């Protein structure tokens, strides 16, 4: 693995092998039996899958030395965010992504119930 020392590569491979073993130890449920029995087996299987997933995250965070959770992104207050489609709307699917328009004064969306 590029940019890593050999020792951490071995640790990472060991962690991946362990996680692979955990997932292989929980095969999908047998499709035989009554509807209720199949439903119960699927429910228990999904719960085990969730447990394996959380254990896998803990293993990776231990071996990689960092949190599995992403760093929270600081956003401005929702009241100040608006979609501005005045210039070149629809020309590109990614145009304007990443730079939200911020209004100094937020417009009134709902009036007090009177029609104009």
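For all residues, glycine too, the Cβ spot is worked out from N, Cα and C.
It should be emphasised that the depicted structure is a prediction, and the values quoted were computed from it without experimental measurement.
Matching 61-72, 73-84, 85-96 against Swiss-Prot, the residues noted as motif 'Nuclear export signal and binding to XPO1' span 73-84. Range with Swiss-Prot annotation region 'Homomultimerization', chosen from 9-17, 18-26, is 18-26. Within 10 Å of the C-beta atom of residue 8 (phosphoserine) sit 13 other C-beta atoms, taking all shown protein chains into account.
Within the model, the motif 'Nuclear export signal and binding to XPO1' (73-84) shows a mean pLDDT value of 70, rounded to a whole number.
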